[in-house]
Amino acid sequence: MTIPDSTAADGPSRSRFDARAVIADDGVLGALNAAGVLDAADVHVTRRLVTLCGVPVAETAQVGAALAVRAVRHGSTCLALARVPELIRDDPDGVVDPTLLPAPAELERALADCALVRGSGAGPLRPLVLASSDDGPLLYLHKYFRQEQLIRTVLAERAASRPPVDVAAVSAAVEAVFGPVEGSEVDLQRVAAQLAATSWTVVVAGGPGTGKTYTVARILAVLDRLSGRTSRIGLCAPTGRAAAQLQAAVSADPAAPASVRAVTVHSLLGWRPGSQPRHGRGNRLPYDVVVVDETSMLSMTAMSRLLDAVRPDTRVILVGDPHQLASVEAGAVLADLVDRVATTAPPPIPAGVVDQRVLSSAGDRTRVEHGVVTLSRGHRFGGGIARVAAAINRGDADAVVDLVSDADIPEVTLVEPEDLDGIRADVLAWGSALRDAALAGDADAALGALNVHRVLCAHREGSWGVQGWSRRIIEWLSALPDHHRLVPDSTERYAGEPLLVTANDRHTETFNGDSGVVTRAENGLRVAFRRGEVVRTLHPTQLADVMPLYAMTIHRSQGSQFDGVTVILPPQGSELLTRELLYTAVTRAQSRVRIVGTREVLAAAVARRVQRASGLRSPIHVVTPPAPS
Ligand SMILES: Nc1ncnc2c1ncn2[C@@H]1O[C@H](COP(=O)(O)OP(=O)(O)OP(=O)(O)O)[C@@H](O)[C@H]1O
């Protein structure tokens, strides 16, 4: 089953006291709002667009417009009309009256004929764009169409030529950085570096621990050598935390050029909330190489701004895991670029630059020629976790259920929701190690203990969520024999308390999603954090946005690694229960994963895929007819 974000039902029907309910709308939009398909915002935006058009718009076309607004709210960049019927299929309770939703062909006809798409004599406004694609007709809000078009155009221009290369110099630089070729297996990390020497745009994809950051450091070293060590490098990531982690990893890697600074994509572009970025087409970024880490978390808006700001002769290296949860805003650009069906042949790669063996298989050759390398060899976690993660990505629910039930794969287990003994034992071991180290004033050991185990939940609230599980864990920990020693000081913190940072703070260099632990120090309590190999301590009053950390959401755990994780699956029917969520949770662990839920819920999670509709995967053609004169 494939559930597009754009058509997943919001939830059961709405009461009139629900803030998302539209008051006094007795048309189809009002009915779809009452059934929980549309939010008030979808309806109001549509009504406003129709008013601005200045001419009547058929109700069917208005439904299309409202569903397009909704699609963006759900992370898609457009509405795939062919998937509209899935709204009914995804509504087993029968809340949505099927007659309210027009068939895709009817929607297409109404849209092609309406002023929202065609424009009208009343003004230049054409807020919607209708395009055809391999996935059928796509309906865009104009802003997102423009952004997608910009990405398409810039990438096509960049793919039309290759940087000039000195083949011997590339071989020498790659060999100096990677060492001589060993073994008979193709080293895809080396291929990524070879490709970066001969492409303006490279995508380095791969799961956790496949060496993406390791490869970035080596690509930068190779490019730096080739430039005579004069490369200006812009290193960035979508979030402050991801940028800080990238900085720590690159600084610790002797292969990476010294003195590169990682910043957020927004900082790189000089982009403050509510204003235009300082860098754009008229004021390009000054870098020879721009690397974006954790690209899966980058929205389409941010990607379009970035690509608009890079010079045509800047190498762009996009790094990330396309299977992880995507940006909270619209777009899943990394996954789109990895899965893209290319229609034009790129210029050939000069002979001798890239390992010939990777070019001998037709599929690999096409991907590599289009600048995509997918690293597959795990360097961090055990085979069992990697096998389960691969089966989740394939959507093979039976294999996942078999693997988690296989006694020969002890790294990943499935336990029934009532079976709490093992979790309790792990939590108590975690809590006591944390407390012992914190009370002894050993910040390094306390931080080590902090990441030995983590409870991950899909939801924030409710008994299945972070709230319920935190309460339960606090109750378990209060039974520990040394509990009476945990007395909060005047800052309300106590030694051994795990903390989660909930907002970025540049002054303390702590970022949303960082975790730390309160430890005893000579002159009172301090909160210890680790960045790479470095331990830092802060006074508790320096931290404004923190909360106790006993469990965390899977969304927030992105970019973190723990020795073991316990994943609490939400109940069947939860909108959050998806393949991407499960994959992200399972791959947070380095050695042990315990999944709490039933086989049915696990299989449902694997089967349910969030597919954000977008026109970046295959060519599209605008079918908007000319505006009437
Ligand atoms: N070719 C290699 N040889 C030796 N060690 C490697 C190699 N590639 C990666 N590693 C090591 O494997 C570990 C994981 O690598 P890295 O952090 O680069 O992976 P990643 O894909 O960026 O992971 P994540 O997505 O979780 O950040 C690191 O300790 C790294 O030094």
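The backbone N, Cα and C atoms fix where each Cβ goes, and this holds for glycine too.
In TrEMBL this protein carries:
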DOMAIN    35-132  domain 'RecBCD enzyme subunit RecD N-terminal'
BINDING   GLY206, GLY207, PRO208, GLY209, THR210, GLY211, LYS212, THR213  ATP binding site
DOMAIN    549-596  domain 'UvrD-like helicase C-terminal'
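In sequence order, TYR214, ASP321, LEU375, GLY378, HIS379, ARG380 are the same-chain residues whose CB sits within 8 A of the CB centroid of GLY206, GLY207, PRO208, GLY209, THR210, GLY211, LYS212, THR213, the residues recorded for ATP being left out. Cβ contacts within 10 Å of THR213 (ATP binding site), excluding its own Cβ and spanning all protein chains shown: 22. The DSSP breakdown of the domain 'RecBCD enzyme subunit RecD N-terminal' (35-132), given as helix, strand and coil counts, is 52 helix, 9 strand, 37 coil.
Its own atom aside, the Cβ of GLY206 (ATP binding site) has 23 Cβ atoms within 10 angstroms in the protein chains shown. A simple way to gauge crowding: the CB of GLY207 (ATP binding site) has 24 other CB atoms within 10 angstroms, across all the protein chains here. On the 0 to 100 pLDDT scale, the model's mean across the domain 'RecBCD enzyme subunit RecD N-terminal' (35-132) is 87. Every protein chain shown contributes to the tally, and the Cβ of LYS212 (ATP binding site) ends up with 23 other Cβ atoms within 10 Å. In the three-state DSSP scheme, PRO208 (ATP binding site) is classed as coil.
Residue counts of the domain 'UvrD-like helicase C-terminal' (549-596) by helix, strand and coil are 12 helix, 18 strand, 18 coil (DSSP-based). Around the Cβ of GLY211 (ATP binding site), a 10 Å sphere holds 19 further Cβ atoms from the protein chains shown.
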